[in-house]
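Data first, discussion second: the structure below is written as structure tokens.
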């Protein structure tokens, strides 16, 4: 048994010692069978939440009314969820109620896709009542039961299906794809925040080229923020090298450029992204326009952007052009390391020095003067020493006075 499961065996065994059933379930079991890196290990049990909390000394009630308790075991947190069935779904988003049951199969039956409805016992025996292993072998995403019913229960499952295409490289089964086309309008019931979470995972997957056209083909695009008029560009966006990007800001910047978004901020705000992400994606695209070619970075532009943003700019450019960015990254690192200063805080002078030298009250001119100083320093026009900067500034002022 793989280490992530071995580390959680103590929870399974404790539950079984007290007469309860307990199994590993969900994405960890799926990823084990696929051969992917295993993430969080989840456990399903016949024990009720209050029974779970009695059996373990350190638990966190994160949703006991829905059956979930976090058990902290040997320093690691595990979600332990009681077998349950879901009641009728409210607004195609969430069940109005849940009913705790004692049957593993009933619990697995409520899950979205067959590959996620597989369990494993403490000996490593696989329990697969809905054909999840066959779907994995055929590299297909199939729903548990009728696809139409699953998507009417929770419309976000349609977006999850396409996201799994991006993450796993699997295809949608014919029934799954057909049901998404039929039920795509139900996405109108889903919050933007939930859509954004799935979209970010989709854009980060290694098989984005297969997933993006599916958003267009299934009609999901029409219910995603800002995409209703972008169907052809969405298909074309599959041609870019998305897997070369490592940061969410880079992916959103590439999406904006791929979709020819003119006004970036409203588009990204519609996805309810954090301001920090919006600002950075916008700054990446602005720098991409200001520096037309990788070899055309000036010292001033490199300093203003900072190394991390400059590297992101070249990563996005590489993804757009299909040319590897590593050689340009190495050159940017070398050039940035050679800059006399890396931040404005490293300047040998500050605003107080400038005010004292000028002998006049503070005002907007102070920032303008400091900006002129750092530009002169990074372009090697003057050394970053207080005396030399003072002399340079006095000469600059004399020249300015003569010209006036």
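Just so it is clear, glycine is given a Cβ too, placed from its N, Cα and C backbone atoms.
So that you can see what the record holds, here are the features copied from Swiss-Prot:
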- 27, 30, 111, 154, 157, 160, 163: CTP binding site (BINDING)
- 27, 30, 111, 154, 157, 160, 163: ATP binding site (BINDING)
- 40, 42: Mg(2+) binding site (BINDING)
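Features as recorded by Swiss-Prot, highlighted on the structure.
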residue : record              : Cβ within 10 Å
27      : CTP binding site    : 17
30      : CTP binding site    : 23
40      : Mg(2+) binding site : 13
42      : Mg(2+) binding site : 18
111     : CTP binding site    : 21
154     : CTP binding site    : 21
157     : CTP binding site    : 24
160     : CTP binding site    : 21
163     : CTP binding site    : 23
Request  = Compute the C-alpha separation of residue 42 (Mg(2+) binding site) from residue 111 (CTP binding site), stating it in Å without decimals.
outcome  = 14
Ask   = Could you tell me the C-alpha distance between residue 27 (CTP binding site) and residue 40 (Mg(2+) binding site) in angstrom, no decimals?
value = 8
Assigned element (helix, strand, coil) containing residue 160 (CTP binding site), judged by DSSP = helix
Ask   = Where the distance is taken from Cα to Cα, which of the binding-site residues 30, 154, 157, 160, 163 turns out closest to residue 40 (Mg(2+) binding site)?
value = 30
Local backbone state of residue 27 (CTP binding site), from DSSP in three classes = helix
Request  = Between any two of 27, 30, 111, 154, 157, 160, 163, the residues recorded as binding CTP, what is the biggest Cα to Cα distance in Å?
outcome  = 21
